[in-house]
C-alpha cells in the first residue's frame, strides 16, 4: 500500500477492540533505493521500539499496564508506520487476556507477520526500576562552529584526519522531521568506529544539516551510516540513535558493520 494511504497526519478513530489489521507496513526497500542500498545490506542491526502506552484487561476486567520493548531486525522486509502501531496498541485497551505475557506473545506475532521477520521483545511492569544512561564516548557539541546548512543533508561535510583511531563520539544535536507529518524528531547519536579520525567540526556540521530533513528515523540512521562509510574506509563502524518519545513511542535504530554485534543497553537518556 502507498504511504499516502497510511493514517499519519490524519484524524483517526481509536478502535475499542483488538485489530491486527491496523498495523501499516512500509517496505524498507522504498527508502533504501534512495540511498543506493540493495538487498546485499552493508550493515547489520535492529530498530528498538520502546512503547509506553500498553494496556489491556485481565479476566476480571481489571486493567493491566506495561512498557514494551520490541526489536525489529534491520533486515526485515518491512517497517511499521508508527501511528498505526500506536492505534494498534490502543486497540487492546478493552481486550481480555489471561496474563500480560499472553498480550506480549500476540504483539510479537503480529509484528513478526507484518515485518516479515522474527521480532523479539517483552512487556515490562511499570514498577520496573529504570536507570538513565549517559551517551558513551566524547561529546562533540561544544565545538565553536559556524552553521548555515540545515538541509538537505550534505555528506561532503564529512572529513577525516590522516591518523588512525578507535573511538566513540556522540552528539545531542541531531534533529530531523517526520517524512509525512513534518513533526520534529529529536535524537542523540552515538558513533563508534575504527579507522581514520573524523574531523569533529565538519562532522558536527554534517549532523546539523539534517535539521530540516524530512525522513523516517530508520532512513536517517541508514543515511548517516552510508555517508560515513562512503567517506572513510573504516575497519569498523556502528551508529546508535536514541530518539525522543512521540505518540507514546520512541524508535532507536542501531546499525553496525559487525555481524556479531552486541545490542545497545537500551537505557533511556535524559530526554526520553
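Placed from the backbone N, Cα and C atoms, the Cβ positions cover glycine too.
Copied from Swiss-Prot, the annotated features are:
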ACT_SITE  178  active site, thioimide intermediate
ACT_SITE  185  active site, proton donor
BINDING   80, 81, 82, 217, 218  substrate binding site
BINDING   82, 83, 246, 247  NADPH binding site
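Residue 217 (substrate binding site) has a Cβ environment of 22 other Cβ atoms inside 10 Å. Long-range neighbours of residue 246 (NADPH binding site) (same chain, six or more residues apart, CB within less than 8 Å of its CB): 82, 183, 185. In the three-state DSSP classification, residue 246 (NADPH binding site) falls within a strand. Among the recorded positions listed here, namely 83, 178, 247, 178 has its C-alpha nearest to that of residue 217 (substrate binding site). A C-beta separation below 8 Å, combined with a sequence spacing of at least six in one chain, links residue 218 (substrate binding site) to 28, 31, 47, 79, 251, 253. Secondary structure at residue 82 (substrate binding site), taken from DSSP and collapsed to helix, strand or coil, is helix. The distance from the Cα of the residue listed as 'active site, thioimide intermediate' to the Cα of residue 81 (substrate binding site) comes to 11 Å.
In the three-state DSSP scheme, residue 217 (substrate binding site) is classed as helix.
Figure note: comparing Cβ neighbours within 10 Å for the recorded positions 80, 178, the maximum is reached by 80. The residues near the substrate site, meaning same-chain residues not in 80, 81, 82, 217, 218 whose C-beta sits within 8 angstroms of the mean position of the site's C-beta atoms, are 26, 47, 79, 85, 216, 251, in sequence order.
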